[in-house]
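Feature annotations, courtesy of TrEMBL:
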- Glu293: active site, proton acceptor (ACT_SITE)
- His292, His296, Glu315: Zn(2+) binding site (BINDING)
- 2-166: domain 'Aminopeptidase N-like N-terminal' (DOMAIN)
- 206-359: domain 'Peptidase M1 membrane alanine aminopeptidase' (DOMAIN)
Amino acid sequence: MVHINVKEITDEITLHSKELKINNAKIFLKGIAHEIDQKCLRFDDQAETINISVPNLLQLGSKAILEIRFTGVLNDSLRGFYRTDYTIRNNEIKWIATTHFEPTFARYAFPCFDEPEFKSTFSIALNVRKGLVGLSNGKVKNESYNIETGMNEIIFEKSPIMSTYLVAFVVGEFDYIEGIAKSRYSKQPIRTRIYTPPGQKESGKFSLSVAIRAIEFFENTFEIPYTLPKIDHIAINKTPSGAMENWGLIIYKKNLLLLNDSFENKGNGSTSILEEKTGDIDKKYIVRTICHELAHQWLGNIVTMKWWSDLWLNEGLATWAELLCVDSLFSEWNIWAHFLVYRRTIFLDADSKDTSNSLVYPGFLMTGLTGQEFR
């Protein structure tokens, strides 16, 4: 359902939608349902939008609820709502369903205004098979078992006002370890969890310690409270990027969240996962990644660029804040010196090439609702 406040008279609602089948749609005005005929639905594959004709229904200042029933496909393309696998200790393959919506992939999961400047709150519910864990941006508000369907219905608390690319949900079998970050601005502590594949939660202990210290650092530094009562960090085998700063549910590529030196073959004839010991360099990557994604909970999630051409605003400030945090937590690493010596050289070398882009890069894929382009 989409709750709409009408600011100008219009006969049409345009939403982003990609690879979704719209079964039916209704619009509610003053509690009265108006069925929308399939003939009033027009799809634009190039713009990745659905245009819904609603003649004479939306008047200035009115409020409406648009209800759309649709189906989609759980894909393998690492975008939108997709599936990926992992292997547990006995070499059994397990599947999970997860999301990646940045920059413009929320439209693969549900019809929406899929541009960063259009922010909203999101109320999410998941129906999952018994025994599976369901996660989203908000904390679990209620969980109940439906005897008829054999599914658990998980209802989450409403999200903060945010862009669609920050919405997230994950379903699968997971273990977790938990700690508490103390909020300087709220009596309510921030519940912090590291979610791992089954049997691997011990490898998340170091990351849990870092995550708690880092979120406390950012609250104290920015003097702005973290807006949710929880923050989850989850390790996924296959992701399109190293990590994604979804508000309240940060998704990481496994090697950027978990230290693997807790996995050893005990010589008892059972099959174990044998992985290389994580060295100091890998540990630094983990710390930097956690600090970077937590910085985004303020720089990007609260303060957001209007369009993807200004992505530097998100990433540049988050990178600066990441280094600030790492230096505070591990001053012995001399992270600023490393940044100046190595990263500065890389950046200058990139800028010297003909292929370098301007700071504000207009993008190159298609036109959005506001007439601007995104990549």
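Using N, Cα and C of the backbone, Cβ positions are placed for all residues, glycine too.
Keep in mind that TrEMBL annotations are predicted by a computer and have not been checked by a curator.
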Check your understanding: What is the number of other Cβ atoms found within 10 Å of the Cβ of Glu293 (active site, proton acceptor)?
Key -> 26
Check your understanding: Which residues, same chain and not among His292, His296, Glu315, have a CB within 8 angstroms of the centroid of the CB atoms at the recorded Zn(2+) site?
Key -> Glu245, Glu293, Ala295, Leu299, Gly300, Asn314, Leu317, Ala318, Thr319, Ala321, Glu322
Review point. If one looks at the chain holding His292 (Zn(2+) binding site), which residues at least 6 apart in sequence have a CB under 8 angstroms from its CB?
Key: Ala243, Ala318, Thr319, Ala321, Glu322
**Study point:** Lowest local Cβ density (other Cβ within 10 Å) among binding-site residues: His296, Glu315
**Key:** Glu315
Exercise for review: Sorry to bug you, but what's the C-alpha spacing from Glu293 (active site, proton acceptor) to Glu315 (Zn(2+) binding site), rounded to the closest Å?
Suggested key: 10
Check your understanding: So what's the mean pLDDT when you look at the domain 'Aminopeptidase N-like N-terminal' (2-166)?
Key -> 93
